Amino acid sequence: MLARALLLCAAVALSGAANPCCSHPCQNRGVCMSVGFDQYKCDCTRTGFYGENCTTPEFLTRIKLLLKPTPNTVHYILTHFKGVWNIVNKISFLRNMIMRYVLTSRSHLIESPPTYNVHYSYKSWEAFSNLSYYTRALPPVPDDCPTPMGVKGRKELPDSKEVVKKVLLRRKFIPDPQGTNLMFAFFAQHFTHQFFKTDFERGPAFTKGKNHGVDLSHIYGESLERQHKLRLFKDGKMKYQMINGEMYPPTVKDTQVEMIYPPHVPEHLKFAVGQEVFGLVPGLMMYATIWLREHNRVCDVLKQEHPEWGDEQLFQTSRLILIGETIKIVIEDYVQHLSGYHFKLKFDPELLFNQQFQYQNRIAAEFNTLYHWHPLLPDVFQIDGQEYNYQQFIYNNSVLLEHGLTQFVESFTRQRAGRVAGGRNLPVAVEKVSKASIDQSREMKYQSFNEYRKRFLVKPYESFEELTGEKEMAAELEALYGDIDAMEFYPALLVEKPRPDAIFGETMVEAGAPFSLKGLMGNPICSPEYWKPSTFGGEVGFKIINTASIQSLICSNVKGCPFTSFSVQDTHLTKTVTINASSSHSGLDDINPTVLLKERSTEL
(Lines of atoms letter the chains of each structure in order from A and count residues from 1; the text may use other names and numbers.)
(Lines give C-alpha, C1' and ligand atoms only; values in the text may rest on other atoms or scores of the structure.)
Protein backbone atom coordinates (compact mmCIF):
# COMPACT_ATOMS: atom_id res chain seq x y z
CA MET A 1 0.00 0.00 0.00
CA LEU A 2 2.78 2.40 0.91
CA ALA A 3 4.58 1.84 -2.41
CA ARG A 4 1.37 2.40 -4.32
CA ALA A 5 0.59 5.58 -2.38
CA LEU A 6 4.05 6.99 -3.01
CA LEU A 7 3.81 6.29 -6.75
CA LEU A 8 0.41 7.93 -6.99
CA CYS A 9 1.55 10.92 -4.95
CA ALA A 10 4.51 11.38 -7.30
CA ALA A 11 2.21 11.28 -10.32
CA VAL A 12 -0.33 13.66 -8.80
CA ALA A 13 2.39 16.07 -7.74
CA LEU A 14 3.54 16.32 -11.35
CA SER A 15 0.10 16.33 -12.93
CA GLY A 16 -3.24 16.49 -11.23
CA ALA A 17 -4.89 14.41 -13.98
CA ALA A 18 -2.21 11.77 -14.45
CA ASN A 19 -3.23 8.29 -15.54
CA PRO A 20 -2.61 6.02 -12.51
CA CYS A 21 -0.85 3.54 -14.82
CA CYS A 22 1.80 6.16 -15.71
CA SER A 23 3.97 4.90 -12.85
CA HIS A 24 4.01 1.38 -14.35
CA PRO A 25 3.03 -0.08 -10.97
CA CYS A 26 2.29 -3.64 -12.11
CA GLN A 27 5.39 -5.82 -11.99
CA ASN A 28 6.33 -9.23 -13.44
CA ARG A 29 4.25 -8.76 -16.61
CA GLY A 30 1.12 -7.88 -14.69
CA VAL A 31 -1.36 -5.75 -16.67
CA CYS A 32 -2.30 -2.30 -15.36
CA MET A 33 -5.93 -1.24 -15.78
CA SER A 34 -7.18 2.15 -14.67
CA VAL A 35 -10.20 2.20 -12.36
CA GLY A 36 -11.83 5.60 -12.36
CA PHE A 37 -9.53 8.60 -12.70
CA ASP A 38 -7.12 7.98 -9.84
CA GLN A 39 -7.09 4.24 -9.15
CA TYR A 40 -5.66 1.19 -10.90
CA LYS A 41 -5.84 -2.57 -10.69
CA CYS A 42 -3.10 -5.04 -11.60
CA ASP A 43 -4.16 -8.21 -13.39
CA CYS A 44 -1.66 -10.86 -12.22
CA THR A 45 -3.34 -13.77 -14.05
CA ARG A 46 -0.84 -16.50 -14.98
CA THR A 47 2.18 -14.38 -14.06
CA GLY A 48 3.17 -16.63 -11.15
CA PHE A 49 2.83 -13.63 -8.82
CA TYR A 50 0.02 -12.10 -6.80
CA GLY A 51 -0.62 -9.06 -4.63
CA GLU A 52 -1.64 -5.51 -5.41
CA ASN A 53 1.29 -4.93 -7.81
CA CYS A 54 2.00 -8.58 -8.73
CA THR A 55 5.13 -8.59 -6.58
CA THR A 56 4.56 -11.61 -4.31
CA PRO A 57 5.72 -14.88 -5.90
CA GLU A 58 3.60 -17.99 -5.73
CA PHE A 59 5.21 -21.06 -4.13
CA LEU A 60 6.43 -22.65 -7.37
CA THR A 61 7.57 -19.29 -8.69
CA ARG A 62 9.60 -18.72 -5.54
CA ILE A 63 11.37 -22.06 -6.02
CA LYS A 64 12.06 -21.30 -9.69
CA LEU A 65 13.51 -17.90 -8.79
CA LEU A 66 15.77 -19.47 -6.17
CA LEU A 67 17.10 -22.04 -8.64
CA LYS A 68 17.28 -19.85 -11.75
CA PRO A 69 20.76 -18.43 -12.51
CA THR A 70 21.13 -14.85 -13.72
CA PRO A 71 21.46 -14.24 -17.49
CA ASN A 72 25.12 -13.27 -17.04
CA THR A 73 25.79 -16.53 -15.16
CA VAL A 74 24.19 -18.54 -17.96
CA HIS A 75 26.22 -16.59 -20.52
CA TYR A 76 29.43 -17.26 -18.57
CA ILE A 77 28.74 -21.00 -18.42
CA LEU A 78 27.96 -21.20 -22.14
CA THR A 79 31.06 -19.22 -23.14
CA HIS A 80 33.49 -21.07 -20.86
CA PHE A 81 34.32 -24.74 -20.15
CA LYS A 82 34.96 -25.50 -23.81
CA GLY A 83 36.03 -29.08 -23.13
CA VAL A 84 32.75 -29.88 -21.42
CA TRP A 85 30.72 -28.34 -24.23
CA ASN A 86 32.70 -30.27 -26.85
CA ILE A 87 31.49 -33.45 -25.16
CA VAL A 88 27.90 -32.20 -24.85
CA ASN A 89 27.84 -31.27 -28.54
CA LYS A 90 28.64 -34.89 -29.45
CA ILE A 91 25.86 -36.41 -27.33
CA SER A 92 22.69 -35.97 -29.39
CA PHE A 93 20.06 -36.26 -26.66
CA LEU A 94 21.92 -33.77 -24.43
CA ARG A 95 22.41 -31.30 -27.26
CA ASN A 96 18.75 -31.65 -28.28
CA MET A 97 17.55 -31.18 -24.70
CA ILE A 98 19.57 -27.99 -24.23
CA MET A 99 18.61 -26.61 -27.64
CA ARG A 100 14.93 -27.29 -26.93
CA TYR A 101 15.26 -25.38 -23.66
CA VAL A 102 17.00 -22.48 -25.42
CA LEU A 103 14.19 -22.24 -27.98
CA THR A 104 11.27 -22.56 -25.57
CA SER A 105 12.66 -20.37 -22.80
CA ARG A 106 13.40 -17.57 -25.26
CA SER A 107 10.35 -17.77 -27.52
CA HIS A 108 7.88 -17.97 -24.61
CA LEU A 109 8.87 -14.42 -23.70
CA ILE A 110 7.16 -13.19 -26.87
CA GLU A 111 3.40 -12.68 -26.75
CA SER A 112 1.63 -14.81 -29.34
CA PRO A 113 -0.91 -13.73 -30.54
CA PRO A 114 0.31 -10.11 -30.42
CA THR A 115 -1.17 -7.74 -27.88
CA TYR A 116 -0.47 -4.02 -28.40
CA ASN A 117 0.49 -1.44 -30.98
CA VAL A 118 1.26 2.28 -30.90
CA HIS A 119 -2.42 3.27 -30.80
CA TYR A 120 -3.70 0.53 -28.50
CA SER A 121 -2.16 0.16 -25.05
CA TYR A 122 -4.85 -2.38 -24.17
CA LYS A 123 -5.96 -5.65 -25.79
CA SER A 124 -8.09 -5.02 -28.86
CA TRP A 125 -9.13 -6.76 -32.05
CA GLU A 126 -7.50 -3.96 -34.03
CA ALA A 127 -4.11 -4.52 -32.36
CA PHE A 128 -4.38 -8.23 -33.14
CA SER A 129 -5.74 -8.13 -36.67
CA ASN A 130 -4.22 -5.07 -38.34
CA LEU A 131 -1.04 -6.36 -39.97
CA SER A 132 0.02 -2.90 -41.10
CA TYR A 133 1.20 -2.12 -37.55
CA TYR A 134 4.34 -3.32 -35.84
CA THR A 135 3.29 -4.97 -32.59
CA ARG A 136 4.75 -3.91 -29.23
CA ALA A 137 6.60 -5.77 -26.49
CA LEU A 138 5.37 -3.13 -24.04
CA PRO A 139 2.39 -0.82 -24.50
CA PRO A 140 3.12 2.85 -25.22
CA VAL A 141 3.40 5.28 -22.32
CA PRO A 142 -0.10 6.75 -21.77
CA ASP A 143 -0.69 10.15 -23.38
CA ASP A 144 -1.66 11.91 -20.17
CA CYS A 145 1.47 11.15 -18.15
CA PRO A 146 3.47 13.95 -16.49
CA THR A 147 6.78 12.91 -18.12
CA PRO A 148 7.68 11.15 -21.39
CA MET A 149 8.60 8.00 -19.42
CA GLY A 150 5.55 8.07 -17.17
CA VAL A 151 6.40 9.71 -13.85
CA LYS A 152 10.20 9.39 -13.86
CA GLY A 153 12.66 11.86 -15.32
CA ARG A 154 12.22 15.37 -16.60
CA LYS A 155 9.20 16.78 -18.37
CA GLU A 156 11.20 16.98 -21.60
CA LEU A 157 13.69 14.50 -23.00
CA PRO A 158 17.12 15.80 -24.04
CA ASP A 159 17.80 16.95 -27.59
CA SER A 160 18.30 13.74 -29.58
CA LYS A 161 21.13 15.35 -31.54
CA GLU A 162 22.97 16.04 -28.28
CA VAL A 163 22.48 12.44 -27.14
CA VAL A 164 24.00 11.15 -30.38
CA LYS A 165 26.96 13.55 -30.29
CA LYS A 166 27.83 13.10 -26.63
CA VAL A 167 27.58 9.34 -26.14
CA LEU A 168 27.04 7.58 -29.49
CA LEU A 169 29.30 9.15 -32.14
CA ARG A 170 32.62 7.46 -32.87
CA ARG A 171 35.81 9.15 -31.67
CA LYS A 172 37.98 6.30 -32.91
CA PHE A 173 36.97 3.00 -34.50
CA ILE A 174 36.53 0.31 -31.84
CA PRO A 175 36.84 -3.17 -33.41
CA ASP A 176 34.60 -5.93 -32.17
CA PRO A 177 36.55 -8.21 -29.80
CA GLN A 178 34.59 -11.24 -31.09
CA GLY A 179 36.14 -10.64 -34.51
CA THR A 180 32.85 -9.96 -36.27
CA ASN A 181 33.48 -9.05 -39.91
CA LEU A 182 31.71 -7.23 -42.73
CA MET A 183 30.31 -10.46 -44.17
CA PHE A 184 28.29 -10.58 -40.96
CA ALA A 185 27.41 -6.88 -41.01
CA PHE A 186 26.00 -6.97 -44.53
CA PHE A 187 24.27 -10.30 -43.94
CA ALA A 188 22.50 -8.75 -40.93
CA GLN A 189 21.45 -5.74 -42.98
CA HIS A 190 20.32 -7.83 -45.95
CA PHE A 191 18.50 -10.52 -43.91
CA THR A 192 16.55 -8.20 -41.60
CA HIS A 193 15.18 -5.94 -44.32
CA GLN A 194 12.76 -8.59 -45.47
CA PHE A 195 10.72 -7.84 -42.32
CA PHE A 196 11.92 -4.39 -41.20
CA LYS A 197 10.05 -2.34 -43.81
CA THR A 198 8.74 0.73 -42.06
CA ASP A 199 6.03 2.60 -43.95
CA PHE A 200 7.33 6.11 -43.32
CA GLU A 201 4.45 7.69 -45.22
CA ARG A 202 2.17 6.47 -42.42
CA GLY A 203 4.72 6.73 -39.61
CA PRO A 204 7.38 4.67 -37.79
CA ALA A 205 4.77 2.42 -36.14
CA PHE A 206 3.61 1.03 -39.50
CA THR A 207 5.15 -1.62 -41.74
CA LYS A 208 4.92 -2.57 -45.40
CA GLY A 209 6.08 -6.10 -44.50
CA LYS A 210 2.68 -7.71 -43.94
CA ASN A 211 4.11 -11.25 -43.62
CA HIS A 212 6.01 -10.28 -40.44
CA GLY A 213 8.77 -12.85 -40.78
CA VAL A 214 11.24 -14.75 -42.93
CA ASP A 215 9.45 -14.74 -46.28
CA LEU A 216 12.40 -13.72 -48.48
CA SER A 217 10.42 -10.79 -49.84
CA HIS A 218 13.76 -8.97 -50.04
CA ILE A 219 14.60 -11.47 -52.80
CA TYR A 220 11.19 -11.99 -54.41
CA GLY A 221 9.39 -8.73 -53.71
CA GLU A 222 6.71 -7.77 -51.20
CA SER A 223 3.86 -7.79 -53.74
CA LEU A 224 2.83 -10.31 -56.36
CA GLU A 225 3.20 -7.60 -59.01
CA ARG A 226 6.84 -6.98 -58.04
CA GLN A 227 7.52 -10.71 -57.91
CA HIS A 228 6.15 -11.22 -61.41
CA LYS A 229 8.31 -8.42 -62.79
CA LEU A 230 11.39 -10.13 -61.33
CA ARG A 231 10.53 -13.64 -62.51
CA LEU A 232 11.67 -15.22 -65.76
CA PHE A 233 8.62 -17.52 -65.92
CA LYS A 234 10.77 -20.31 -67.24
CA ASP A 235 11.97 -23.27 -65.16
CA GLY A 236 10.99 -21.42 -61.98
CA LYS A 237 13.85 -18.95 -62.31
CA MET A 238 14.31 -15.27 -61.56
CA LYS A 239 15.41 -12.81 -64.24
CA TYR A 240 19.13 -12.17 -64.50
CA GLN A 241 21.83 -10.79 -66.74
CA MET A 242 25.30 -12.14 -67.51
CA ILE A 243 28.25 -9.79 -67.02
CA ASN A 244 31.81 -11.04 -67.59
CA GLY A 245 30.48 -14.59 -67.59
CA GLU A 246 28.75 -14.25 -64.20
CA MET A 247 25.11 -13.92 -63.14
CA TYR A 248 23.89 -10.59 -61.74
CA PRO A 249 20.45 -9.08 -61.08
CA PRO A 250 18.61 -7.56 -64.05
CA THR A 251 18.33 -3.81 -64.48
CA VAL A 252 15.45 -1.55 -63.53
CA LYS A 253 14.99 -0.77 -67.22
CA ASP A 254 14.60 -4.45 -68.13
CA THR A 255 12.16 -5.25 -65.32
CA GLN A 256 10.31 -1.97 -64.73
CA VAL A 257 10.71 -2.66 -61.00
CA GLU A 258 10.81 0.41 -58.77
CA MET A 259 14.16 0.84 -56.99
CA ILE A 260 15.63 3.76 -55.05
CA TYR A 261 18.62 5.20 -56.91
CA PRO A 262 19.75 8.82 -57.25
CA PRO A 263 19.48 10.22 -60.79
CA HIS A 264 23.28 10.22 -61.19
CA VAL A 265 23.46 6.41 -61.35
CA PRO A 266 23.73 5.10 -64.94
CA GLU A 267 20.91 2.84 -66.15
CA HIS A 268 23.18 -0.20 -66.54
CA LEU A 269 24.13 0.04 -62.84
CA LYS A 270 20.56 0.25 -61.55
CA PHE A 271 20.10 -3.39 -60.55
CA ALA A 272 16.57 -4.56 -59.68
CA VAL A 273 15.96 -6.89 -56.71
CA GLY A 274 13.18 -7.68 -54.24
CA GLN A 275 13.98 -4.87 -51.77
CA GLU A 276 13.78 -1.39 -53.25
CA VAL A 277 16.53 0.04 -50.99
CA PHE A 278 19.23 -2.57 -51.72
CA GLY A 279 20.93 -0.35 -54.28
CA LEU A 280 22.22 1.69 -51.35
CA VAL A 281 25.52 -0.13 -50.84
CA PRO A 282 27.35 -2.81 -52.87
CA GLY A 283 27.50 -5.06 -49.78
CA LEU A 284 23.73 -5.46 -49.92
CA MET A 285 23.80 -6.02 -53.68
CA MET A 286 26.50 -8.67 -53.12
CA TYR A 287 24.11 -10.75 -51.00
CA ALA A 288 21.20 -10.01 -53.36
CA THR A 289 23.30 -11.43 -56.19
CA ILE A 290 24.34 -14.50 -54.18
CA TRP A 291 20.74 -15.37 -53.29
CA LEU A 292 19.61 -14.77 -56.90
CA ARG A 293 22.22 -17.28 -58.06
CA GLU A 294 21.18 -19.71 -55.32
CA HIS A 295 17.52 -19.57 -56.31
CA ASN A 296 18.29 -20.27 -59.95
CA ARG A 297 20.73 -23.04 -58.95
CA VAL A 298 18.09 -24.74 -56.79
CA CYS A 299 15.64 -24.48 -59.69
CA ASP A 300 18.10 -26.43 -61.85
CA VAL A 301 18.44 -29.11 -59.15
CA LEU A 302 14.67 -29.47 -58.82
CA LYS A 303 14.16 -29.44 -62.60
CA GLN A 304 16.52 -32.39 -62.91
CA GLU A 305 14.75 -34.22 -60.08
CA HIS A 306 11.25 -33.34 -61.32
CA PRO A 307 11.20 -32.85 -65.11
CA GLU A 308 7.39 -33.10 -64.90
CA TRP A 309 7.07 -29.92 -62.82
CA GLY A 310 6.06 -26.62 -64.36
CA ASP A 311 7.48 -23.15 -63.77
CA GLU A 312 5.19 -22.25 -60.86
CA GLN A 313 5.90 -25.34 -58.78
CA LEU A 314 9.63 -25.05 -59.40
CA PHE A 315 9.56 -21.41 -58.32
CA GLN A 316 7.43 -21.93 -55.21
CA THR A 317 9.36 -24.98 -54.00
CA SER A 318 12.70 -23.26 -54.57
CA ARG A 319 11.46 -20.34 -52.47
CA LEU A 320 10.58 -22.69 -49.60
CA ILE A 321 14.02 -24.30 -49.83
CA LEU A 322 15.73 -20.90 -49.70
CA ILE A 323 13.63 -19.97 -46.65
CA GLY A 324 14.87 -23.15 -44.98
CA GLU A 325 18.47 -22.43 -45.95
CA THR A 326 18.17 -18.91 -44.56
CA ILE A 327 16.82 -20.05 -41.19
CA LYS A 328 19.50 -22.72 -40.85
CA ILE A 329 22.30 -20.28 -41.69
CA VAL A 330 20.89 -17.68 -39.30
CA ILE A 331 20.69 -20.10 -36.37
CA GLU A 332 23.80 -22.21 -36.91
CA ASP A 333 26.19 -19.57 -38.30
CA TYR A 334 24.83 -16.09 -37.58
CA VAL A 335 23.31 -16.51 -34.10
CA GLN A 336 26.03 -18.99 -33.20
CA HIS A 337 28.67 -16.36 -33.87
CA LEU A 338 26.79 -13.63 -32.02
CA SER A 339 26.28 -15.80 -28.95
CA GLY A 340 29.93 -16.68 -28.50
CA TYR A 341 28.69 -20.00 -27.06
CA HIS A 342 30.77 -23.15 -27.02
CA PHE A 343 27.45 -25.00 -27.11
CA LYS A 344 26.66 -25.72 -30.75
CA LEU A 345 23.26 -24.35 -31.74
CA LYS A 346 21.07 -26.54 -33.93
CA PHE A 347 18.28 -25.91 -36.42
CA ASP A 348 15.86 -28.79 -35.97
CA PRO A 349 12.13 -27.96 -36.06
CA GLU A 350 11.29 -31.40 -34.67
CA LEU A 351 12.62 -30.29 -31.28
CA LEU A 352 9.42 -28.28 -30.80
CA PHE A 353 6.85 -30.73 -32.17
CA ASN A 354 5.83 -31.90 -28.69
CA GLN A 355 5.92 -28.42 -27.18
CA GLN A 356 3.28 -25.70 -26.90
CA PHE A 357 4.35 -23.46 -29.77
CA GLN A 358 2.49 -21.20 -32.19
CA TYR A 359 3.64 -21.08 -35.81
CA GLN A 360 2.96 -17.41 -36.35
CA ASN A 361 4.91 -14.23 -35.77
CA ARG A 362 4.44 -10.48 -35.60
CA ILE A 363 7.40 -8.10 -35.84
CA ALA A 364 7.67 -5.72 -32.89
CA ALA A 365 8.64 -2.07 -33.21
CA GLU A 366 11.18 -2.56 -30.42
CA PHE A 367 12.84 -5.41 -32.36
CA ASN A 368 13.23 -3.08 -35.33
CA THR A 369 14.74 -0.38 -33.11
CA LEU A 370 17.00 -2.83 -31.30
CA TYR A 371 18.46 -4.05 -34.60
CA HIS A 372 20.00 -0.68 -35.50
CA TRP A 373 23.55 -2.01 -35.29
CA HIS A 374 25.25 0.85 -37.12
CA PRO A 375 28.42 0.68 -34.96
CA LEU A 376 29.24 -2.47 -36.95
CA LEU A 377 30.11 -0.25 -39.91
CA PRO A 378 33.77 0.69 -40.41
CA ASP A 379 35.12 4.11 -41.35
CA VAL A 380 36.16 2.82 -44.78
CA PHE A 381 35.51 -0.30 -46.84
CA GLN A 382 38.57 -2.30 -47.89
CA ILE A 383 38.25 -4.35 -51.07
CA ASP A 384 41.17 -6.06 -52.76
CA GLY A 385 43.73 -3.56 -51.50
CA GLN A 386 41.62 -0.50 -52.26
CA GLU A 387 39.87 1.74 -49.78
CA TYR A 388 36.43 3.26 -50.30
CA ASN A 389 34.89 5.91 -48.11
CA TYR A 390 31.11 6.23 -47.76
CA GLN A 391 30.76 8.75 -50.56
CA GLN A 392 32.60 6.42 -52.94
CA PHE A 393 30.68 3.35 -51.76
CA ILE A 394 26.99 4.21 -51.57
CA TYR A 395 24.81 3.74 -54.66
CA ASN A 396 27.86 2.49 -56.54
CA ASN A 397 27.31 -0.95 -58.04
CA SER A 398 30.31 -0.42 -60.31
CA VAL A 399 32.48 -1.37 -57.32
CA LEU A 400 30.79 -4.79 -57.27
CA LEU A 401 31.34 -5.28 -61.00
CA GLU A 402 34.93 -4.05 -60.92
CA HIS A 403 36.06 -6.38 -58.14
CA GLY A 404 33.58 -9.23 -58.54
CA LEU A 405 31.90 -11.35 -55.89
CA THR A 406 35.00 -13.42 -55.13
CA GLN A 407 37.02 -10.38 -54.08
CA PHE A 408 34.06 -8.96 -52.18
CA VAL A 409 33.66 -12.15 -50.14
CA GLU A 410 37.38 -12.48 -49.47
CA SER A 411 37.75 -8.82 -48.50
CA PHE A 412 34.66 -8.60 -46.27
CA THR A 413 35.63 -11.84 -44.55
CA ARG A 414 38.96 -10.24 -43.61
CA GLN A 415 37.69 -6.81 -42.55
CA ARG A 416 36.66 -6.48 -38.93
CA ALA A 417 33.41 -4.77 -37.97
CA GLY A 418 32.92 -2.44 -35.01
CA ARG A 419 31.70 -3.27 -31.53
CA VAL A 420 28.01 -2.40 -31.06
CA ALA A 421 27.83 -1.93 -27.27
CA GLY A 422 29.99 0.32 -25.12
CA GLY A 423 29.07 3.65 -26.71
CA ARG A 424 30.90 6.12 -28.94
CA ASN A 425 31.34 3.84 -31.93
CA LEU A 426 28.69 5.14 -34.33
CA PRO A 427 30.09 6.27 -37.72
CA VAL A 428 29.56 9.96 -38.50
CA ALA A 429 28.03 8.95 -41.86
CA VAL A 430 24.96 7.52 -40.10
CA GLU A 431 24.61 10.20 -37.41
CA LYS A 432 21.25 11.37 -38.80
CA VAL A 433 19.98 7.80 -39.04
CA SER A 434 20.72 7.30 -35.35
CA LYS A 435 19.05 10.57 -34.42
CA ALA A 436 15.98 9.51 -36.40
CA SER A 437 15.87 6.23 -34.45
CA ILE A 438 15.68 8.16 -31.17
CA ASP A 439 13.06 10.56 -32.52
CA GLN A 440 10.91 7.71 -33.84
CA SER A 441 11.13 5.86 -30.52
CA ARG A 442 9.82 9.00 -28.84
CA GLU A 443 7.04 9.33 -31.39
CA MET A 444 6.01 5.74 -30.62
CA LYS A 445 6.16 6.51 -26.87
CA TYR A 446 8.52 3.71 -25.83
CA GLN A 447 8.77 2.98 -22.13
CA SER A 448 12.13 3.37 -20.39
CA PHE A 449 15.12 1.09 -20.85
CA ASN A 450 14.68 -0.31 -17.34
CA GLU A 451 11.05 -1.21 -18.05
CA TYR A 452 12.25 -3.23 -21.05
CA ARG A 453 14.87 -4.94 -18.90
CA LYS A 454 12.12 -5.98 -16.50
CA ARG A 455 9.95 -7.12 -19.43
CA PHE A 456 12.70 -9.54 -20.47
CA LEU A 457 13.37 -10.74 -16.91
CA VAL A 458 16.56 -8.76 -16.35
CA LYS A 459 17.24 -6.74 -13.21
CA PRO A 460 16.89 -2.98 -13.84
CA TYR A 461 19.97 -0.80 -13.50
CA GLU A 462 20.21 1.41 -10.43
CA SER A 463 22.60 4.02 -11.82
CA PHE A 464 24.06 5.31 -15.06
CA GLU A 465 27.47 4.09 -13.95
CA GLU A 466 26.10 0.57 -13.58
CA LEU A 467 24.68 0.89 -17.12
CA THR A 468 27.90 2.04 -18.81
CA GLY A 469 30.47 0.43 -16.53
CA GLU A 470 32.51 3.67 -16.48
CA LYS A 471 32.26 7.24 -15.21
CA GLU A 472 32.61 9.67 -18.13
CA MET A 473 29.61 8.65 -20.26
CA ALA A 474 27.64 7.94 -17.10
CA ALA A 475 28.09 11.58 -16.07
CA GLU A 476 27.01 12.77 -19.54
CA LEU A 477 23.88 10.61 -19.35
CA GLU A 478 23.14 11.78 -15.81
CA ALA A 479 23.24 15.38 -17.05
CA LEU A 480 21.06 14.55 -20.07
CA TYR A 481 18.40 12.39 -18.42
CA GLY A 482 18.65 12.98 -14.68
CA ASP A 483 17.19 9.60 -13.70
CA ILE A 484 18.27 6.09 -14.73
CA ASP A 485 14.57 5.14 -14.88
CA ALA A 486 14.10 7.78 -17.59
CA MET A 487 16.88 6.42 -19.82
CA GLU A 488 15.69 5.73 -23.36
CA PHE A 489 15.69 2.27 -24.93
CA TYR A 490 17.75 2.77 -28.11
CA PRO A 491 20.66 4.89 -26.84
CA ALA A 492 20.90 2.72 -23.72
CA LEU A 493 21.40 -0.38 -25.87
CA LEU A 494 24.40 1.26 -27.55
CA VAL A 495 26.03 2.68 -24.40
CA GLU A 496 25.46 -0.38 -22.22
CA LYS A 497 28.69 -1.97 -21.03
CA PRO A 498 29.56 -4.95 -23.24
CA ARG A 499 29.82 -8.41 -21.80
CA PRO A 500 33.48 -9.47 -21.48
CA ASP A 501 35.09 -9.75 -24.93
CA ALA A 502 31.66 -9.51 -26.56
CA ILE A 503 29.99 -7.40 -29.22
CA PHE A 504 26.82 -6.70 -27.20
CA GLY A 505 25.73 -5.83 -23.71
CA GLU A 506 23.35 -7.93 -21.64
CA THR A 507 20.08 -6.28 -22.71
CA MET A 508 20.67 -6.54 -26.46
CA VAL A 509 20.98 -10.32 -26.10
CA GLU A 510 18.25 -10.87 -23.51
CA ALA A 511 15.72 -8.76 -25.43
CA GLY A 512 16.85 -9.59 -28.96
CA ALA A 513 17.16 -13.38 -28.72
CA PRO A 514 13.46 -14.02 -27.92
CA PHE A 515 12.30 -11.92 -30.89
CA SER A 516 14.81 -13.61 -33.18
CA LEU A 517 14.21 -17.25 -32.22
CA LYS A 518 10.42 -16.90 -32.11
CA GLY A 519 10.46 -15.31 -35.55
CA LEU A 520 12.68 -18.02 -37.01
CA MET A 521 11.03 -21.08 -35.49
CA GLY A 522 7.53 -19.62 -35.88
CA ASN A 523 7.91 -19.81 -39.66
CA PRO A 524 5.35 -22.11 -41.33
CA ILE A 525 8.05 -24.33 -42.83
CA CYS A 526 9.07 -25.29 -39.27
CA SER A 527 5.59 -26.64 -38.47
CA PRO A 528 4.88 -30.41 -38.41
CA GLU A 529 2.71 -30.23 -41.53
CA TYR A 530 5.39 -28.46 -43.59
CA TRP A 531 8.64 -29.91 -42.20
CA LYS A 532 8.86 -33.05 -44.36
CA PRO A 533 10.80 -33.90 -47.53
CA SER A 534 7.79 -33.70 -49.86
CA THR A 535 7.39 -29.97 -49.10
CA PHE A 536 10.83 -29.34 -50.56
CA GLY A 537 10.71 -31.58 -53.62
CA GLY A 538 11.88 -34.75 -51.87
CA GLU A 539 15.11 -35.74 -50.17
CA VAL A 540 17.21 -33.69 -52.61
CA GLY A 541 15.58 -30.41 -51.58
CA PHE A 542 15.44 -31.42 -47.92
CA LYS A 543 19.18 -32.11 -48.02
CA ILE A 544 19.91 -28.65 -49.45
CA ILE A 545 18.31 -27.15 -46.33
CA ASN A 546 19.83 -29.55 -43.83
CA THR A 547 23.37 -29.10 -45.15
CA ALA A 548 23.19 -25.33 -45.65
CA SER A 549 25.82 -23.01 -44.17
CA ILE A 550 27.23 -19.62 -45.07
CA GLN A 551 30.26 -21.43 -46.52
CA SER A 552 28.17 -23.79 -48.66
CA LEU A 553 26.08 -20.85 -49.91
CA ILE A 554 29.24 -19.07 -51.05
CA CYS A 555 30.83 -22.18 -52.53
CA SER A 556 27.74 -22.95 -54.59
CA ASN A 557 27.46 -19.46 -56.04
CA VAL A 558 30.80 -17.62 -55.99
CA LYS A 559 33.66 -18.48 -58.34
CA GLY A 560 36.58 -20.21 -56.65
CA CYS A 561 34.68 -21.07 -53.45
CA PRO A 562 36.48 -18.44 -51.34
CA PHE A 563 36.68 -19.13 -47.62
CA THR A 564 34.16 -17.22 -45.56
CA SER A 565 32.66 -17.02 -42.10
CA PHE A 566 31.08 -14.35 -39.93
CA SER A 567 34.29 -13.65 -38.03
CA VAL A 568 37.83 -12.69 -38.92
CA GLN A 569 39.98 -15.80 -38.61
CA ASP A 570 43.41 -14.16 -38.62
CA THR A 571 43.85 -10.88 -36.73
CA HIS A 572 46.90 -10.09 -38.85
CA LEU A 573 44.58 -9.76 -41.85
CA THR A 574 42.64 -6.88 -40.27
CA LYS A 575 45.41 -4.32 -40.75
CA THR A 576 44.26 -1.19 -42.53
CA VAL A 577 45.31 -0.66 -46.14
CA THR A 578 46.32 2.84 -47.09
CA ILE A 579 45.76 2.86 -50.83
CA ASN A 580 43.16 5.50 -51.67
CA ALA A 581 40.69 4.52 -54.38
CA SER A 582 39.68 7.22 -56.81
CA SER A 583 38.20 4.94 -59.46
CA SER A 584 34.82 3.26 -59.69
CA HIS A 585 32.80 6.35 -58.85
CA SER A 586 29.52 6.77 -60.65
CA GLY A 587 29.34 10.54 -60.64
CA LEU A 588 28.41 10.64 -56.95
CA ASP A 589 31.14 12.93 -55.66
CA ASP A 590 28.72 15.79 -55.19
CA ILE A 591 26.22 13.77 -53.16
CA ASN A 592 26.20 14.02 -49.37
CA PRO A 593 26.00 10.39 -48.16
CA THR A 594 24.51 11.30 -44.80
CA VAL A 595 21.64 13.10 -46.52
CA LEU A 596 20.92 10.11 -48.74
CA LEU A 597 21.17 7.73 -45.80
CA LYS A 598 18.71 9.83 -43.85
CA GLU A 599 16.23 10.40 -46.65
CA ARG A 600 16.22 6.99 -48.23
CA SER A 601 17.13 4.44 -45.61
CA THR A 602 16.36 5.40 -42.05
CA GLU A 603 16.20 1.71 -41.14
CA LEU A 604 19.40 0.67 -42.88
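Using the three backbone atoms N, Cα and C, a Cβ is placed for every residue, glycine included.
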Bonded to C32 via a disulfide in Swiss-Prot, from among C21, C22, is C21
Candidates C9, C42; Swiss-Prot says the disulfide mate of C26 is C42
From the list C145, C299, C526, Swiss-Prot names as the disulphide partner of C22 the residue C145
With neighbours defined as other CB atoms within 10 A, the best-packed of the recorded positions C22, C32, C42, C54, C526 is C22
Most Cβ neighbours within 10 Å, among the recorded positions S516, S565, goes to S516
DSSP composition of the domain 'EGF-like' (18-55), residue counts helix/strand/coil, works out to 4 helix, 12 strand, 22 coil
Note: in the chain of H374 (heme b binding site), residues six or more apart in sequence with C-beta under 8 angstroms of its C-beta are L426, P427, V430, V433, S434
Students should find that the Cα atoms of C526 (S-nitrosocysteine) and S565 (O-acetylserine) sit apart, in Å rounded to an integer, by 25
Candidates C21, C26, C44, C145, C555 (disulfide-bonded residues); min other-Cβ count within 10 Å returns C555
